[in-house]
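Note sheet for the following structure.
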């Protein structure tokens, strides 16, 4: 926006930037603009001030760039999983699933999934080599990792949909154009050699006696002073906490780093579950560590391998080494499990609003680090009916008076329900819920049923603040940061549940 300033005064740096743009035919791209004696930062500052003064027309364009992630760099060095497997398959003719797992224990699932897209799928426990131009197609992917050619949109699109291989970065590029006022300012400028600021050296040398100083218009609009406000996410977290506390819940804490024993095994998630793949979970290297409550591992082993009282378990050989791996927690339900294990006398009503981590490619709707809202009730009165009641009550307090509960699937709850809300006439999934499976209750030594529900805080924030890109929640956009209270007040949370 241009701010009308009478009798515009420009600095020498601004004048030189105008002349540099003029020498390029009155239009220039900021990143390509160079002015002798001025740094890139000084040029950027001058452009911003010239725009404010109405002397430049500025067009902003978003430029997307792509770079290899740490996983992508690994594939560049070692070869894509599908290429490694295909070449080994070509060498041997056929391979069993055990041979494939031994060859590439961390990436065999990725390799199998990618080869399946070329029609190579396991038959009777074996993968059989087939030659139909597949190797050339895979090698083209490998060559792209070397070149990262931005013009190869097909490869960019392919790898954007593969989690964790390439990172997308967005930068804003400014294209600046002189307008009529700019030419007038250039013609009228007579300030070369003007002193813009007085410092001790100028006073000590006496230079100030013979030099001219830059004029300042004391009536010019000044920058808006922005008072300190809570970040919108902090504000929303406090709102959620207040809702839970007013409902009589107790807040629980947790750890960013968890053992898979607690993060997954305690919740009856099998050790070969896809969620454990390195493409979905951040694993942490550690020389030594102590697992809290190690005694639970015996019970976990028994229930995973053989089940109990008519429940069959998973029927595989449970691995203590796998259980001792460390991860950045993938959900906050691990905190619920530990809290109830340590406080196993019902009733208990607990909650948390804390960060979790997923190995996701960051885009408009995904983050690798985000907040999860978790609520749970442990009581002899827990049932599907009480779960439905408390969900309707909780979501109504968030402002969603019209919700639907749809049968779903989660590894550690049965039955499971997705929560669907209505926003501006559209139905949007906003959370999951369910009753802990009997196997989970047995592992944790619980005496009564447990109902739990959760949702992503960022998705809720996007609805409240009218955003379409989750990354905007963490950008330093001062207009958004200073007006988010107004957005809540204007939209009214109580209206979100209405069509």
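Backbone N, Cα and C define each Cβ position, glycine as well.
L-phenylalanine binding, as stated in Swiss-Prot, involves 372, 373, 374, 412, 436; the candidate among 333, 386, 468 given for that site is 333. Residue 436 (L-phenylalanine binding site) sits 6 Å from residue 414 (Mg(2+) binding site), counting Cα to Cα.
Ranked by how many other Cβ atoms sit within 10 Å of their Cβ, the binding-site residues 333, 372 place 372 at the bottom.
When the Cα positions of 333, 372, 373, 374, 412, 436 are compared pair by pair, the longest gap among these L-phenylalanine-binding residues is 18 Å.
In the structure shown, the C-beta of 436 has more C-beta neighbours within 10 angstroms than that of any other entry among the binding-site residues 412, 436. Reported as a whole number, the C-alpha separation between residue 374 (L-phenylalanine binding site) and residue 414 (Mg(2+) binding site) equals 17 Å. The Cβ of residue 373 (L-phenylalanine binding site) has 240, 351, 352, 353, 431, 454, 455, 456, 457, 460 as same-chain neighbours under 8 Å, each 6 or more residues away in sequence.
The two recorded residues, residue 372 (L-phenylalanine binding site) and residue 414 (Mg(2+) binding site), have Cα atoms 21 Å apart. Applying an 8 A CB threshold to same-chain residues 6+ apart, the list for residue 414 (Mg(2+) binding site) reads 434, 435, 437.
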